[in-house]
Amino acid sequence: MKLQCVSLWLLGTILILCSVDNHGLRRCLISTDMHHIEESFQEIKRAIQAKDTFPNVTILSTLETLQIIKPLDVCCVTKNLLAFYVDRVFKDHQEPNPKILRKISSIANSFLYMQKTLRQCQEQRQCHCRQEATNATRVIHDNYDQLEVHAAAIKSLGELDVFLAWINKNHEVMFSA
């Protein structure tokens, strides 16, 4: 009788754990070297932020937009922000300094790789986009659109550390060599 109760309890626990969609479960694994991306950004951060002509304006608005993202929306928001940086920020930014351009290109390539990883996750139906996630991304695009394109690209590049810290906090990151 005790063995049967323990077996039923164990089975029930396993079923609950498998069906729960909480902070640690069913998140997409980002397989990339985040430390390398962060290092690349730190090497150019000062030069990028020195070009920022709107120091009191934010695009990512850390407290208002990214901090309120629910665990269920992390994959979608990450996917959307990677697309935002790849499709808008990196394309809109025109960098004359070859050293900075190489670092930005390296970061962009890493973002493309992360996009590929999240696309696979989405194909497995593990990356849902709820209205809250779409709204958060829209706020960031609206903030970007309020500035002139060049200024918005500089501002967004200067805030890249905010996005990288958010990825580290909200994703299981597996470092690849």
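Cβ from N, Cα, C; glycine included.
Keep in mind the model is a prediction, meaning the values are calculated, not measured.
Taken verbatim from Swiss-Prot:
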- CYS28-CYS121: disulfide bond (DISULFID)
- CYS75-CYS127: disulfide bond (DISULFID)
- CYS76-CYS129: disulfide bond (DISULFID)
- ASN56: N-linked glycosylation site (CARBOHYD)
- ASN135: N-linked glycosylation site (CARBOHYD)
- 1-24: signal peptide (SIGNAL)
Which of CYS75, CYS76, CYS127, CYS129 has the fewest nearby Cβ atoms, counting only those within 10 Å, among these disulfide-bonded residues? CYS129
Here the recorded positions are ASN56, CYS121, ASN135; which one has the lowest number of other Cβ atoms no more than 10 Å from its Cβ? ASN56
CYS76 (disulfide bond) -> DSSP, reduced to three states, gives helix
DSSP on CYS121 (disulfide bond), three-state: which is it? helix
Taking the Cα of CYS76 (disulfide bond) as the centre, which of the recorded positions listed as ASN56, CYS127, ASN135 lie within 10 Å of it? CYS127
Measuring Cα to Cα, tell me the gap between CYS75 (disulfide bond) and ASN135 (N-linked glycosylation site) in whole angstrom. 14
Recorded positions near CYS121 (disulfide bond), in sequence order, restricted to ASN56, CYS127, CYS129, ASN135 and a 10 Å Cα cut-off: CYS127
What is the interatomic distance between the Cα atoms of ASN56 (N-linked glycosylation site) and CYS127 (disulfide bond), given in whole Å? 34
